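Enquirer: These came from Swiss-Prot, pasted as-is:
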DISULFID  Cys28-Cys152  disulfide bond
DISULFID  Cys44-Cys89  disulfide bond
DISULFID  Cys65-Cys71  disulfide bond
DOMAIN    50-178  domain 'N-acetylmuramoyl-L-alanine amidase'
SIGNAL    1-21  signal peptide
Amino acid sequence: MTRHCVLLVWALLALLSLGAAREDPPACGSIVPRREWRALASECRERLTRPVRYVVVSHTAGSHCDTPASCAQQAQNVQSYHVRNLGWCDVGYNFLIGEDGLVYEGRGWNIKGAHAGPTWNPISIGISFMGNYMNRVPPPRALRAAQNLLACGVALGALRSNYEVKGHRDVQPTLSPGDRLYEIIQTWSHYRA
């Protein structure tokens, strides 16, 4: 009887360790997958080497959105412009942030973006706030969504724990991410000029 108990305990421990090894990755909050915002199929194939060291924050400089429906439409508009007008393989950003407090999946954690030029695209994740932030500030829920996304990236192993945030204007001659948003990201603990 004792031998059977030992075998049973050993089998249960083995099963528990298998379950722990197969546990799902950490939850990443409100990331709207491409299919939910009705993205066009991506033709992009070039992968990022993970974990990535840099995050480049930009703004789309267009209309802002503050509901899931309007933000899904805005994500479609940005993607359509990038694909149809610029000839890119997909929306240029890895993620888009809406004023609704949701993150919209662009190219995601694994595919190289087209957001910051040939030097920075292969070594960074591009996060773009949907709207123009020259004279206005994104609402707190949008800023929280961005911060949560960055924590998610670290938890998933997509971003280094010592990642660096840069404004689009830090790596390219542009006004992006807008004066007001730029002031905010400069206060983030991972920001480096």
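Cβ atoms are placed via backbone N, Cα and C, with glycine included.
Relative to the rest of the structure, where do these features sit?
Expert: Classification of Cys28 (disulfide bond) by DSSP places it in coil, neither helical nor stranded. In the structure as shown, the Cβ atom of Cys28 (disulfide bond) sits within 10 Å of 16 other Cβ atoms.
Counting only residues at least six positions away in the same chain, the Cβ atoms of Ser42, Glu43, Cys44, Arg45, Val83, Ala114 sit under 8 Å from the Cβ of Cys89 (disulfide bond).
Cys65 (disulfide bond): 24 other CB atoms within 10 A of its CB, across all protein chains.
Helix, strand and coil residue tallies for the domain 'N-acetylmuramoyl-L-alanine amidase' (50-178), in that order: 46 helix, 30 strand, 53 coil [DSSP].
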Enquirer: Of all the disulfide-bonded residues given, Cys44, Cys71, Cys152, which residue's CB has the most CB neighbours within 10 A?
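Expert: The most densely surrounded of these disulfide-bonded residues is Cys71.
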Enquirer: In whole Å, how far does the CA atom of Cys152 (disulfide bond) lie from that of Cys71 (disulfide bond)?
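Expert: Pair distance, Cα basis, whole Å: 21 Å.
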